[in-house]
Amino acid sequence: MKNLFLFCRSGYEKDCAAEIQQRATELNVGGFVKTNINDAYVIYQCFDDNGADTLVKELALSSLVFARQMFAAGELLSDLPEQDRVGPIVASLAALSKCGELRVETPDTNEAKELSAFCRKLTVPLRQGLKKSGALLNAESDRRPIIHVCFIGPGKAYAGYSLSHNSSPHFMGIPRLRMAADAPSRSSLKLDEAFGAFLTKEEQETRCRSGLNAVDLGACPGGWTYQLVRRGMMVAAVDNGPMDPKLMETGQVKHYRADGFRFEPPRKNVYWLVCDMVEKPARVAELMEAWAINGWFKEAIFNLKLPMKSRYKEVSVILETIGAILTENEIDFKMQCKHLYHDRDEVTVHLWIFPEKGVSYA
């Protein structure tokens, strides 16, 4: 297949396009971008007929900042007949065999969501047709490729596949999280999503466990602290503003009325550092670098507020700078960055510092 379909947030098509153009070029997969503002998706059309197949194998979705999900797709199926939508879609996927799941989706826009009821209605007969053709297994399997059919308008769809090990587990790449009634603010969902995006369930059990120490810089009123407390951690909440009284009643939070940029942890066994401050991204990045160089945390999740223009370029420069500075200081690390569903004009970074042997964070 020659088209790579990428889901993104509406309004961030240019950033997603700039990123895939650069990353595909690095993999020697030539092509060009097709996108429109506020469509919430990007098409990277490869010059090679098998270019998209190469990208879904070799380009890790987790390494892309602005793409929520991606799949290799054939040509746009336009003017699908009302009396038979299934036939042309099944025919376009004739090259696929024994896939494990079907997802009939739309981009994340209000206009496209109007097709959601139609997509749900189409899913059953389409699944039957794909099973009959052999493209889809009779029983779902999370180890086989996923068939995607994305309707971008009435009678218009891209159809293709993603690989289960290089794909978002979520429909349209969007996790469905519930806002807890006792959470101090909606920002709580950002950290909840971040833990799920950067750590597997098994990793969360060992690295987000009860008893770990955490620091929340810019904590007020406690949206991110809430997620740490919910996981059983002891939290140093740093902010000159007031914290949510219910959080303070848990006995797991100590409130430091201080400037997050000047705070130094009194204890040096901090495992998690989290930070969601409305500040220039370069300044936040410098703060994270300083904490890493001082050895004040093991893992960090922090947000970088984005400029109005050249957002991909800005993020790339900051991430490269963080990487260069940590490398210069001989710090071994792993870093990921994502524009999460619950992020707005910001991206979320996960930085994991590999500890020296024998260091305890309990």
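Each Cβ is built from the backbone N, Cα and C atoms, and glycine gets one as well.
Worth saying up front: this structure is predicted, and the values here are computed from it rather than measured.
Taking Cβ-Cβ distances under 8 Å and a sequence separation of 6 or more, the neighbours of ASP276 (S-adenosyl-L-methionine binding site) in its chain are SER187, LYS190, LEU191, GLY218, GLY223, TRP224, PHE302, ASN303. The S-adenosyl-L-methionine binding site feature in Swiss-Prot is assigned to SER187, CYS220, PRO221, GLY222, GLY223, ASP239, ASP259, ASP276.
Under the DSSP three-state reduction, LYS305 (active site, proton acceptor) is assigned to strand. Around LYS305 (active site, proton acceptor), the same-chain residues at least 6 positions away in sequence with a Cβ under 8 Å from its Cβ are VAL278, GLU279, LYS280, PRO281, VAL284, ASP345, GLU346. As annotated by Swiss-Prot, active site, proton acceptor applies to LYS305.
Candidate binding-site residues: PRO221, GLY222, GLY223. Fewest other C-beta atoms within 10 angstroms, PRO221. The Cβ of ASP239 (S-adenosyl-L-methionine binding site) has ASP216, LEU217, GLY218, ALA219, CYS220, HIS255, TYR256, ARG257, ALA258, GLY260 as same-chain neighbours under 8 Å, each 6 or more residues away in sequence. Within its own chain, ASP259 (S-adenosyl-L-methionine binding site) has ASN240 as residues 6 or more apart in sequence whose C-beta sits under 8 angstroms from its own.
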